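> Pulled the feature table from TrEMBL, pasting it below:
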{"type": "DOMAIN", "residues": "86-267", "note": "domain 'Tr-type G'"}
{"type": "BINDING", "residues": "95-102, 160-164, 214-217", "note": "GTP binding site"}
Amino acid sequence: MAAAALCRPAGFFPNYATPQQRRSGYGAFYSFPFVGHSSQPRPLQFLGRASSFAARRTVLCRAAGTESKAAAANPGQDRLLKVPVSNIRNFCIIAHIDHGKSTLADKLLQLTGTVQMREMKEQFLDNMDLERERGITIKLQAARMRYVLDNEPYCLNLIDTPGHVDFSYEVSRSLAACEGALLVVDASQGVEAQTLANLYLALENNLEIIPVLNKIDLPGAEPDRVAREIEEIIGLDCSNAILCSAKEGIGITEILNAIVTRVPPPKDTSQSPLRALIFDSYYDPYRGVIVYFRVVDGSIKKGDRVYFMASGKDYFADEIGVLSPNQMQVGELCVGEVGYLSASIRSVADARVGDTITQFGRRAESSLPGYEQATPMVFCGLFPVDADQFPELREALEKLQLNDAALKFEPETSSAMGFGFRCGFLGLLHMEIVQERLEREYNLTLITTAPSVVYRVNCASGETVECSNPSLLPEPGKRRSIEEPFVKIEMLTPKEYIGPLMELGQERRGEFKEMNYITENRASIVYELPLAEMVGDFFDQLKSRTKGYASMEYSFKGYRESDLVKLDVQINGEPVEPLSTIVHKDKAYAVGRALTQKLKELIPRQMFKIPIQACIGAKVIASESLSAIRKDVLSKCYGGDITRKKKLLKKQAEGKKRMKAVGKVDVPQEAFMAVLRLEKEVI
């Protein structure tokens, strides 16, 4: 009866079972007393909800059979079993945004039994609410899988990476922890800008590339054409490319087999002193800093005293484990394995991404190369709406920087906003995501200034000053020239949208470099243009002018001298520093006119006339005036001589003049916010 009870799905009984029989477990086996049926007990045949019941029945029946009860109770236990170093495979998935990386990762987890069906959900590794809402991957995620090929168990360590250009630093960190990469290309859309960028990153790291053509189930899929594209553009042999559909589960087994047979194993350096590379980390309020690392040499055990080579700090490894994809504790991690470490690290500066972990008693001679520092491309000011939240904002940025190594920040003071931070980002989407994470995860209410870039000022004295804030720009007499950063931008587009994209490039002060036809219907257009022209709505314009078909990728080229000016805004003769901006001379009038008109709408009227001016140095290029609130002093004059009226009006004008001389205009916070939004649109 015990075995029968195990094989019976909980709460499911035949309709003809009595309440007493249900309580006693009747219904797991039953007999048919009808003519033509065997009188031997037969297993229940399930209808309707059979699939979910069958899955549960399989697990429970296995527990009652030859398999051990412990293994059935913890299906993930076999993933923790050790395999030889030659059977470890470390790989990541790289692709352009929305080409199906996360869906493919889901299917790999599902097929290898890493995640049970009842726990499965779409984009399983995207565990941030923000990622699920936007449908994009923001953070790299690691997962350990076990796969058996020809009765030989293999340990597969997967790292899922983001696809957007703004998160390329996450991709580069992932690649350094792997020996192979799955290059996923959408069989209907073909090679796109970020496909190329990510592939070049992988080739720089000498990874084994496995091309995978995804979404072959779509009606518009053209795998043969896309395979030719990859061979022509990239030069990658696609004769053994894998055709798959992650959504339908087609070709997933072939991908796993290819990972085992084509990705090389890590080098066996188990006898060397421990060296482990930290590729990611985050802050847990209860356990402190948790670091994700890959063991390059030696091994690490629970309780070992470890030393962080860059920070010079040492801790005891209270807990080590693997990510499968949730954290699972183990006693030891060896060469080639990927895992996490918890050591009650309270200071976020003690365990930085790119640092090397070694044994305190048996230190390695040299640290691992680590990662290049990310160079911020876009800057903006972050200020708390409530000034009392400044310490919380500092703490939140420090913790977020631990999880997002590309984020840079330094304190800043503004006469309008108060105390805040000047933050550097890799792009506009990165800036938007960081702001939203700060507000959601740390309950902060923030004001963001217009995005800007770092200018290089050549002073008359011969020194060069870097300036990311217009208020720090030296006086015109002290500077010889201003240089601005330029980027090389490559746009991939269908041929019918070449004209609108070239027009966009010319509008943004771009310099045309070259145009190549990748295939008969797709072209690559290369421009060099100022980064300041790209940090606004360039990407939005690119998508809207091409109906969403074009994609872009950019890289920093260097600084070039440009005819730039500082545009000041004066209200009632007083300069308002937070509204100053650096613009190209040709655009100064348009920006100045837009700013003054917007301020006229937003500043409340006073008892005196207020001039609102946009100036370059002492020269006013755009002006608006806010008329005074006037009292009708002539209301009591119902007749009489005109001189009486003139006398009253003259007296009023003198009072307004005195009031204007001593009066001060307070610009409301809403006006600053509206102007900042306007700057994002106009500049």
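Along the chain as shown, the residues are counted starting at 1.
Any Cβ shown, glycine's included, is placed from N, Cα and C.
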> Using the structure shown, find which entry in Ala95, Ile216 (the binding-site residues) has the sparsest Cβ neighbourhood within 10 Å.
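Across Ala95, Ile216, these binding-site residues, the one with fewest Cβ atoms within 10 Å is Ile216.
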> Along the domain 'Tr-type G' (86-267), what average pLDDT does this model show?
81
> So how many other Cβ atoms are close to Lys101 (GTP binding site), meaning within 10 Å of its Cβ?
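26, counting other Cβ atoms within 10 Å of Lys101 (GTP binding site).
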> Output, ordered by sequence, the same-chain residues six or more apart from Thr161 (GTP binding site) with a CB under 8 Å from its CB, or 'none'.
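Residues satisfying the criterion: Cys92, Ile93, Ile94, Lys101, Thr137, Leu140, Phe167, Glu170, Val171, Ser174, Asn198.
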> If you draw a 10 Å sphere around the Cβ of Asp98 (GTP binding site), how many other Cβ atoms fall inside it, taking every protein chain shown into account?
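Other Cβ atoms within 10 Å of Asp98 (GTP binding site): 16.
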